[in-house]
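Participant: Checked Swiss-Prot, it gives:
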- ASP169: active site, proton acceptor (ACT_SITE)
- ILE49, GLY50, ARG51, GLY52, ALA53, TYR54, GLY55, ILE56, VAL57, LYS72: ATP binding site (BINDING)
- 43-329: domain 'Protein kinase' (DOMAIN)
- THR201: phosphothreonine (MOD_RES)
- TYR203: phosphotyrosine (MOD_RES)
Amino acid sequence: MSAESCFGSSGDQSSSKGVATHGGSYVQYNVYGNLFEVSRKYVPPLRPIGRGAYGIVCAATNSETGEEVAIKKIGNAFDNIIDAKRTLREIKLLKHMDHENVIAVKDIIKPPQRENFNDVYIVYELMDTDLHQIIRSNQPLTDDHCRFFLYQLLRGLKYVHSANVLHRDLKPSNLLLNANCDLKLGDFGLARTKSETDFMTEYVVTRWYRAPELLLNCSEYTAAIDIWSVGCILGETMTREPLFPGKDYVHQLRLITELIGSPDDSSLGFLRSDNARRYVRQLPQYPRQNFAARFPNMSAGAVDLLEKMLVFDPSRRITVDEALCHPYLAPLHDINEEPVCVRPFNFDFEQPTLTEENIKELIYRETVKFNPQDSV
């Protein structure tokens, strides 16, 4: 995972000593106190490249293909049903997707023993870094860089939306990059079908990238929520600062209205709740800022597209297809090179009655599909 050519190195602290287990079919590694037990085809050095609430991610090499991969360990994956559903959802979704701008799942490591199946290891194609790291770095970003990132993000999102899926958690750290500046959407654990209109209680998407309709608990949200997030990401990539770093819901809405102006009554039609409409009307009123003055270092085309994404009323927000046709992206846009998903994704496996044990069995079956040769 050498990104020195474009992005600089993050150091190389690795774990190369493993202990063979289960007759040599698996190897255990200790990575900063974290136990990693993987199929023997994944060979060291194992290098930690990421960490989150779910666990840790290590880079390794698949000795059978010579390919470098990223292995995410989700420890005690079935202790919490919401987290377990999220893991299952991501596995199913990414298996369904096949697009240059969506991260690919290469393997779900089959556990040595079904009865002791508690940790899930998902193997992805390896990327060098993510957009959050690049924004925070000293790496110079030109308008062409930003345009290329945005184009790839929208190209991937067009495919995702065509599969009848909303990502719902787009943010710079979920946009993975390699040294060629290729971009891929990652982390589909919060994704939902477009037809699901219930407000998800476990919704934890980072507040800074959350659309107004979600901040206002609008239950019937659409693909427009992802476009709002794309606008936030575009602005942040250009300015190297988050557009709306709200401390809480109220502060978040205030930051939004300070930039795009307080909505008038005609922009509140998407709110079904009288209480929500009343709440918005009693908020402090702000005039719309001049975007060109607010973003002096952005090209006129980028500013115009940003204005069309950051629209309070989701029904008036630009769509992914319209955004791809915007003049700012004309140097890159080619509708024949922007494929859609052939089959819509089916979320029917997510029954309300699913138990932790059901989810464990469904994920176990996925490990067997990836590793049929290991099954008796």
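Using the three backbone atoms N, Cα and C, a Cβ is placed for every residue, glycine included.
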Participant: Under DSSP, is ARG51 (ATP binding site) helix, strand or coil?
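Facilitator: It is in a strand.
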Participant: Are there any residues at least 6 positions away along the chain from VAL57 (ATP binding site) with a Cβ closer than 8 Å to its Cβ? List them or say none.
Facilitator: PRO48, ILE49, GLY50, ARG51, ALA70, ILE71, LYS72, LYS73
Participant: Relative to the Cβ of GLY55 (ATP binding site), which residues of the same chain, six or more apart in sequence, are found under 8 Å away?
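Facilitator: Listed in sequence order: ASN34, LYS72, LYS73, ILE74, GLY75.
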Participant: What is the total of other Cβ atoms whose distance to the Cβ of ARG51 (ATP binding site) is within 10 Å?
Facilitator: 11
Participant: Starting from the Cβ of ILE49 (ATP binding site), draw a 10 Å sphere and report how many other Cβ atoms land inside it.
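Facilitator: For ILE49 (ATP binding site), the count of other Cβ atoms within 10 Å is 18.
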